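**Student:** Starting off with a structure, shown below.
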Amino acid sequence: LHMIHLHWYQYPPMNPMMYPLLLIFMLFTGILCLAGNFVTIWVFMNTKSLRTPANLLVVNLAMSDFLMMFTMFPPMMVTCYYHTWTLGPTFCQVYAFLGNLCGCASIWTMVFITFDRYNVIVKGVAGEPLSNKKAAMWILSVWVLSTAWCMAPFFGWNSYVPEGNLTGCGTDYLSEDILSRSYLYIYSTWVYFLPLTITIYCYVFIIKAVAAHEKGMRDQAKKMGIKSLRNEEAQKTSAECRLAKIAMTTVALWFIAWTPYLLINWVGMFARSYLSPVYTIWGYVFAKANAVYNPIVYAIS
């Protein structure tokens, strides 16, 4: 109880019907996420033709999503059943840490997937091909940096506290301490605004490169008096463009999933009077659903 901010005490308990609905949602998304990401990892790791450097990033994305749901699904089921957090303050902090860690690793893995598509499509033969060693270094850097940022609240830079709905835990966005808020400013930049900027930059040039390529193909076909000009190289480029669309869809879904949680953090800092326990539910509902999207998108591909 000492970890719960006074702001939440002004609100009555949530409608009891919310908890069964949350439990059903978590059961549905948990099973889908664990099964989907496990199949993704198994297929990519056991199919020789799919064991490419670029697909190592896909496997890492599936692993981060699988780890998120594997560690957060059981506690959520327990708290929804008892209508409150019953697992103690220490596990509350561990729970929040793992959620932030997997979310951070997920977004930066997708940033690297996007950058790889940019390198292949925009730079083409002039770009340095992605090697297994380079992909492994990218993956290692994702986890090391994500761990460093998410460990900070354990050392006094912000803290992990129960959410207002008492079914989960996260960063303390209600604290008015300047040091605590500075963590949220920097962390928001690190896991949201900077990745978004990089992603937009890459896709602007990817779209330009694809448009220029298609125009060149049409002009060449017109000169030769045929309807289309599709040789082996063109087919390869077309496949790369298809993969880029898949990656862009996945990144877009990720930002749709995590934007509500970002808004909750910022509303908590600057307009807390508008923030009720019910609203805090939507942040992690969208965030948890994100872990289901990725295996579906890549399975279709």
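Going from the start of the chain as shown, residues are counted 1 onward.
Using N, Cα and C of the backbone, Cβ positions are placed for all residues, glycine too.
Residues annotated as disulfide bond in Swiss-Prot, with sequence analysis given as evidence: Cys92-Cys169. Swiss-Prot lists Asn165 with the feature N-linked glycosylation site, giving sequence analysis as the kind of evidence. Under the heading N6-(retinylidene)lysine, Swiss-Prot lists Lys288, citing similarity to another entry as support. For 1-18, 79-92, 156-182, 268-278, the entry in Swiss-Prot reads topological domain 'Extracellular'. The topological domain 'Cytoplasmic' annotation in Swiss-Prot covers 44-55, 116-134, 205-245, and the record cites a curator's inference as its basis. Look at Swiss-Prot and you will find 19-43, 56-78, 93-115, 135-155, 183-204, 246-267, 279-300 tagged as transmembrane segment.
Are these features on the surface or tucked inside, and what touches them?
**Tutor:** Residue environment of Cys92 (disulfide bond) contains 21 other Cβ atoms, counted within 10 Å of its Cβ in all protein chains.
Other Cβ atoms within 10 Å of the Cβ of Asn165 (N-linked glycosylation site) number 27 in total over all chains.
Every protein chain shown contributes to the tally, and the Cβ of Lys288 (N6-(retinylidene)lysine) ends up with 23 other Cβ atoms within 10 Å.
Long-range Cβ contacts of the topological domain 'Extracellular' (1-18) within its own chain (Cβ-Cβ under 8 Å, at least 6 residues beyond either end) map to 83, 89, 92, 161-162, 164-166, 172, 174-175, 272, 275-278, 281.
As a summary of secondary structure, the topological domain 'Cytoplasmic' (44-55) carries 9 helix, 0 strand, 3 coil according to DSSP.
When the topological domain 'Extracellular' (79-92) is classified with DSSP, helix, strand and coil residues number 9 helix, 0 strand, 5 coil.
Residues 3-5, 7-8, 11, 14, 18-19, 22, 72, 75-76, 79-80, 83-85, 92-93, 95-97, 99-100, 261, 264-266, 268-269, 272, 275-281, 283-284 of the same chain, all 6+ positions outside the topological domain 'Extracellular' (156-182), place their C-beta atoms under 8 angstroms from a C-beta of that stretch.
When the topological domain 'Extracellular' (268-278) is classified with DSSP, helix, strand and coil residues number 8 helix, 0 strand, 3 coil.
If you look at the transmembrane segment (56-78), the same-chain residues 6 or more away from its ends with a CB under 8 A from one of its CBs are 22-23, 26-27, 29-30, 33-34, 37-38, 40-41, 44-45, 86-87, 91, 95, 98-99, 102-103, 105-106, 109-110, 112-113, 116, 132, 135-136, 138-139, 142, 167-168, 250, 288, 290-291, 294-295, 298.
Tertiary neighbourhood of the transmembrane segment (246-267): same-chain residues 61, 103, 106-107, 110-111, 113-114, 117, 170-171, 173, 184, 188, 191-192, 196, 199, 203, 206, 274-275, 279-280, 282-287, 289-290, 293-294, 297-298, 300-301, selected by CB-CB distance under 8 Å and a gap of 6+ residues from either end.
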**Student:** Show which residues of the chain containing Cys169 (disulfide bond), separated from it by at least 6 in sequence, have their CB under 8 Å from its CB.
**Tutor:** Trp85, Cys92, Gln93, Tyr95, Ala96, Gly99, Tyr160, Val161, Pro162, Glu163
**Student:** Quickly jot the same-chain residues contacting the topological domain 'Cytoplasmic' (44-55) by Cβ under 8 Å, restricted to those at least six beyond its ends, or write none.
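**Tutor:** That would be 62, 113, 116, 129-132, 134-135.
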**Student:** Roughly how many Å separate the Cα of Asn165 (N-linked glycosylation site) from that of Lys288 (N6-(retinylidene)lysine), to the nearest whole number?
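**Tutor:** Asn165 (N-linked glycosylation site) to Lys288 (N6-(retinylidene)lysine), Cα-Cα distance: 16 Å.
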**Student:** Under the DSSP assignment, what numbers of helix, strand and coil residues are found in the topological domain 'Extracellular' (1-18)?
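**Tutor:** Across the topological domain 'Extracellular' (1-18), the residues distribute as 6 helix, 0 strand, 12 coil.
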